[in-house]
């Protein structure tokens, strides 16, 4: 029997934003150039202004592309949590553990009527909900997206996706500017693009009554990381978008700003640099946007297409509902069909936790619950 959460009418989520806690990084991890997990910050990149006029299609034929069709579950995030808990000797206090991408989908739901989603969730040790993307749904959605793209005019979807990674390559250095050879800086346009390396931030944040542990990739840092854990970090999110030529383009861009804002808001990223490009992928502008100013900017236009406070209030209310309905073990499916006015929740496995939780994580949590060993 499925429980249903009504998205409509979204007017009930209007009003002042429910309380939110500033995201604080308490751990991080990296994937190297081969996408191997590393429990460190070795893949951190540093922002450096890109050269305008660059062709974002250049290097597409040598693109070292990550195959992300496999199901990695929450494994890397859980490994990082285990290492943190081993260091502190206590369990993190979050009651939701998930990837930033899952929370982005949830927060965008009131104003994103076209995209559906499927997630798997499980309860472990009474309180926390661990939520992952349903991989089969992700793969099928991408296949449909590719089929739809073949029917539209313009560059292939794969090329347009590459433009975003090319912009990241043009806008980042592997070390601070003072430590980077001039030859490397001037040769960025010829660098082989590789999206396998990633730096992932793990933060504690809060929306309404829920305390969240989120993991997500950050593209670059503006200056350097502060020594003290939990201090604000000058992260930079990098995006590409078609240049704005008319009112319709501006409306489309304001719609895109919703996900830009949510993604950055959830990890505490204060700055977004948008690379505006021509229709055939030539970089014409790099615009610096402060994350906290996006909601007021969008609201300054007539008939704004989304509202930040409503996104927060929707997420807070939905997470409360989820907590009240996921009350025992097993694997639960969180499902929204495209254009559906409801989100469904139902069990797909009566017992256990599926593959959402790794054996390493479960064994560690059992050991932690038993307390200090009496072995001498």
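Glycine is no exception: its Cβ is also placed from the backbone N, Cα and C atoms.
Site annotation (Swiss-Prot): divalent metal cation is bound by 219, 237, 238, and the candidate from 158, 168, 290, 296 recorded at this site is 168. Pairwise Cα distances among 200, 217, 239, 263, which the record gives as the binders of substrate, peak at 17 Å. Taking CA atoms as the reference points, residue 217 (substrate binding site) and residue 238 (divalent metal cation binding site) are 11 Å apart.
When the binding-site residues 200, 239, 263 are compared by Cα distance to residue 168 (divalent metal cation binding site), the shortest distance belongs to 239.
Residue 263 (substrate binding site) falls within a helix when secondary structure is assigned with DSSP.
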